[in-house]
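Q: Sequence annotations record features per position, and here TrEMBL assigns ATP binding site to Ala108, Lys109, Gly110, Gly111, Val112, Gly113, Lys114, Ser115.
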Amino acid sequence: MFIGLNKNSKPDLNTVKAFLNQFTHSSLVEGWADKQGFVTQAKSGDITVTFPFASAGLIEELRGWIERQKVAGEDAPELAISQKVAPLKASEKPLIKGVKNVIVVSSAKGGVGKSTTSVNLALALRAQGAKVGILDADIYGPSLPIMLGTKGRQPTTLDGKTMEPIEAHGLFSNSIGYLVPDENAMVWRGPMASKAFSQLVNETHWPDVDYLVVDMPPGTGDIQLSLAQQFPVTAAVVVTTPQDLALADAIKGVAMFEKVAVPVLGVVENMSYHICSQCGHHEPIFGQGGAEKMATEHGLSLLAQVPLHISIREDIDAGAPTVASKPESEHSEVYLALAEKVASQLFWRGEPVAEQISITTLGE
Ligand SMILES: Nc1ncnc2c1ncn2[C@@H]1O[C@H](COP(=O)(O)OP(=O)(O)OP(=O)(O)O)[C@@H](O)[C@H]1O
């Protein structure tokens with residue numbers, strides 16, 4: 001039976017929660033309105049809904065649903081609806097100063113589109129209403145400066161100790177590519193690379209970002225393992241392509257994170273199918289169903305299937321990633337849905353920590 005609200009009296013909190021629980025969405029769990037902090041009432045009686053993850057799309061849908069109830073004759077309540085991203089527990093490590101959640105994007109193999117995915121995911125999280133940082137940890141081949149159109153810029157410092165991230169398309173970014181010429185980065189070996197990475201993470205003045213997306217170096221070796229262990233990773237996303245070999249490698253990537261107890265949120269299948277730029281035909285040139293099979297076999301979620309399309313490449317290579325330059329496009333929709341899944345699944349699988357803990361710096 002649908003729970004409506006009494007027209008003539010101010011509805012009480014429990015009735016409003018029961019009413020809201022009738023709104024279902026893939027980013028929510030059953031009985032979501034009863035979860036702590038989601039629906040609260042101020043002393044004045046005003047009721048507020050607050051989602052603890054990036055949720056602009058979800059908020060729009062909830063508002064639409066409430067409007068439809070009004071049309072259907074229900075006296076839907078006046079609610080303030082907003083989002084405030086919660087910091088989540090990441091292993092036993094203290095959170096990085098100015099960062100609530102760290103999402104690492106990794107791939108077992110080079111060239112599968114890990115950086116393209118990282119950048120568009122970061123932009124999509126921003127489009128979902130979050131404040132987002134992006135860190136290029138690909139110390140051997142930093143591509144962020146080109147992808148964000150920030151090549152040649154260098155971080156400044158305000159306090160003589162930390163670097164100010166470089167802002168581009170609304171993201172706060174840092175990359176080894178801003179600090180050293182390309183040819184120098186290439187020759188770095190293990191410990192040096194590790195140190196450079198740690199400096200990038202801890203010596204950037206992250207301005208209270210909800211999510212820090214970290215573009216990891218490709219591979220599943222010692223370097224990747226040590227990077228993943230060095231800082232508080234909330235969860236990992238593994239990028240793969242549909243080819244069998246890349247899939248077999250992706251399994252290694254998942255196993256690596258399991259070793260260091262980093263939860264893997266799921267797999268993004270990049271270049272999943274080809275969209276013809278002439279006629280829009282969808283063609284699964286690398287085969288079909290591989291990532292889905294792998295995800296199911298390993299109990300992982302297939303977070304997104306991103307098409308191979310010339311405009312995704314042209315946009316990012318020109319420093320104007322698709323989600324920023326063509327926010328209404330079919331491709332951006334794929335990334336926006338990915339961000340919605342990543343943000344909500346991160347929250348539901350995680351454990352919120354008190355906000356003030358995020359003020360602690362690593363090593364303090
Ligand atoms: N879905 C896509 N459609 C079209 N082109 C793509 C797509 N994804 C990535 N590319 C292109 O493929 C190339 C490699 O992508 P990218 O640099 O993101 O891969 P990577 O896995 O990060 O590589 P590396 O291992 O060098 O870090 C780039 O030129 C990029 O523009």
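Using the three backbone atoms N, Cα and C, a Cβ is placed for every residue, glycine included.
TrEMBL does not curate its annotations; it predicts them automatically.
What's the neighbourhood like for each of these?
A: Ala108 (ATP binding site) falls within neither a helix nor a strand when secondary structure is assigned with DSSP, and so counts as coil.
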Q: Is it possible to get the count of other C-beta atoms within 10 angstroms of the C-beta of Ser115 (ATP binding site)?
A: 25
Q: Could you list, ordered by sequence, which of these binding-site residues: Ala108, Gly111, Val112, Ser115, have a Cβ under 6 Å from ligand 1?
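A: Gly111, Val112, Ser115, by Cβ distance under 6 Å.
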Q: Setting Ala108, Lys109, Gly110, Gly111, Val112, Gly113, Lys114, Ser115 aside, what same-chain residues sit with their Cβ within 8 Å of the center of the Cβ atoms that define the ATP site, listed in sequence order?
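A: So the additional residues around the site are Ser107, Pro218, Val239, Thr241.
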Q: DSSP on Ser115 (ATP binding site), three-state: which is it?
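A: Once the DSSP labels are grouped into three classes, Ser115 (ATP binding site) ends up as helix.
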